Amino acid sequence: MKHFESNFDGLVGPTHNYAGLSVGNVASLSNAKDSSNPKSAAKQGLQKMKALHDMGLIQGVLAPHERPDLDALRRLGFSGNDASVLQQAAKQAPQVLRAVYSASSMWTANAATVSPSADTADKKVHFTPANLTNKFHRSLEPETSGRILKAMFNNEQHFAHHQHLPDNDHFGDEGAANHTRLCGEYDQAGVELFVYGKHAFDSSKPAPKKYPARHTFEASQAVARLHQLNESGVVYMQQNPDVIDQGVFHNDVISVGNQNVLFYHEQAFLNTAEKFKEIQSKFAKTSDKEFHFIKVSTEQVSVDEAVKTYLFNTQLVDTGNGEMTIIAPMECKENESVSRYLAELLKQNTPIKHVKYFDVKQSMRNGGGPACLRLRVALNEQELAATNQNVLMSDSLFATLNTWVDKHYRDELGESDLQDPLLVIETRAALDELTQILKLGSVYQFQR
Ligand SMILES: NCCC[C@H](NC(=O)CCC(=O)O)C(=O)O
C-alpha cells in the first residue's frame, strides 16, 4: 500500500498583524505594532503550498480561525453590539483587543499532535488539538482547531479525535512544534519523539529562568497515552532550558526530524548522549535503515543565528530515491554562515541533498518559519482517500484561493484598524466563503 507524509499549511487569516504577544519569541516582540500585510502574507503561504504540491508532495490547507474573537471579549465583560464591544475593548484593554485579533492559528505546527495509524494500538490516525495555554491569544485556538480537523479528517473508521488537554500550565501543550516522528517508512511503526520544556509536578528538575517553558513533560505523556502509543516507540526529551532563555520557545526552532534524520543544534537538548542512545536503539527495532544524527555546532551556527534565520524551522521532505529536500526561509540564504553551512551540508553523506528557499517574511516577523506553518500527517492510501479532498492543494484550488484572497484581504493592517467594525464583517464574509470552497461545514462560531 502506498503511504505519504502530507503537510497541512495554515492559510494566513485576514487579520494577520504584529501585536508583540509572545514573550520569549524574539521576532514577535521586536516587530510589535509594525503594520502588517495580510494579503501578501496569505499569498506567501499559498506559494509555498503550491511549490510543495508541484514537487509531488501531498499538500493541504488548514483554514484560519475567526478573528476578532468577539465571544472571548464578551466572556471578559465587554457588552453590546459588535462595534460597541470593540470600542470598549480598544479603550479599556487595548492589549486584549490585539490578542483576540491575532491570526496565530496560521502556525499549524501548534494546531495539534498527530500520531499515524502505524504507531497506534487501534490503527487509527490520532489527533489531539494543542491547548496552547501559555499565551492568551493562542489559548483561544484549540476548540476551533479541533472542529476544523474533524471536518478535514471526518471518518471514524480511520481517524480518532481527542479533546485538547485540560487548560492549565501543568498540561501546557504546544502540539507538533515539540513532536517529531522518526521512522523507516511512513506506514511502518516509528519512534515518536516528544520534546518538553519543563516538568510541571517536579520543581527539582531544571527549567528556564527568563522565558516560559510552554510545554510540559506531563502534557507529552498524556498525549502519548491518548494516542495509544507503545512505550517502546516513544522517547521523551527535555529542551535545554538555556536555549529557551535565548528565544527558542518551541523545539522546532532548534531541531527538525524526518524519517531516519534528526537535524539539531548541539545545545538543543538535555542529556543528549543518553537520549540519542535511546532513540537509536528504539529506531533500530523498527527499521534497518541507518539513522543520521546531524549535529550543528555552536561554532558553525550560534543559537542566536539559529533563532534569527530559523535554520532548524525548516521542513525536511522526502523527495524520492532516499533523498530529502530542506525547505528553508529566505533568511537562511541571506545569512552568510548559515548559507555556507547549508551548502556544506548538501555535500555530506546524509539523505539531505537539496535546499529550496521560500519567502515567508510576513510570518517570520512573528516568529513563524516554514515548519511552524505546517502540520504533518502521515497517511496511507486509504486514509488519504478518506480525507476531505477539498482541502488538498491543486492547480485549481491554488487559483481559487488566490482569487479569494484578492477579493477579501486588505493590503495593510495597522493598530488603529483593529477598532474598525467593518473588518469583522469583511472577515466573516471571507470565512463563510472559504468554508464553502473547502467544504468544511459550519466550523465558526458566527455560523453556528
Ligand atoms: N510556531 C510559531 C509560533 C509563533 C507564534 N507567534 C505569535 O503568536 C506572535 C503573535 C504576535 O505577536 O502578534 C507564537 O509565539 O506562538
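Numbering starts at 1 and runs along the chain as it is shown here.
Including glycine, each Cβ sits where the backbone N, Cα and C put it.
Per TrEMBL, the features are:
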BINDING   19-28, Asn110, 137-138, Arg214, Asp252, Asn366  substrate binding site
ACT_SITE  Glu174  active site
ACT_SITE  His250  active site
ACT_SITE  Cys372  active site, nucleophile
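On the structure: features taken from TrEMBL.
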residue: Ala19; record: substrate binding site; DSSP class: coil
residue: Asn25; record: substrate binding site; DSSP class: coil
residue: Asn110; record: substrate binding site; DSSP class: helix
residue: Arg138; record: substrate binding site; DSSP class: helix
residue: Glu174; record: active site; DSSP class: coil
residue: His250; record: active site; DSSP class: coil
* **DSSP state at the residue listed as 'active site, nucleophile', helix/strand/coil** => coil
* Asked: Which recorded positions of Val23, Ala27, Glu174 contact ligand 1 in the sense of C-beta under 6 Å?
  -> none
* Return the residue, from the listed recorded positions Arg138, His250, with the maximum count of other C-beta atoms within 10 angstroms of its C-beta. => His250
* Asked: If you count Cβ atoms within 10 Å of each one, which of the binding-site residues Asn25, Asn110 comes out on top?
  -> Asn110
* Asked: Which chain-mates of Val23 (substrate binding site) that are at least 6 residues away have a CB under 8 A from its CB, listed by sequence?
  -> Leu29, Tyr211, Pro212
* Asked: In whole Å, how far is Asn110 (substrate binding site) from the residue listed as 'active site, nucleophile' when you measure between their Cα atoms?
  -> 7
* Ten-angstrom check, please: count other Cβ atoms within 10 Å of the Cβ of the residue listed as 'active site, nucleophile', all chains counted. => 27
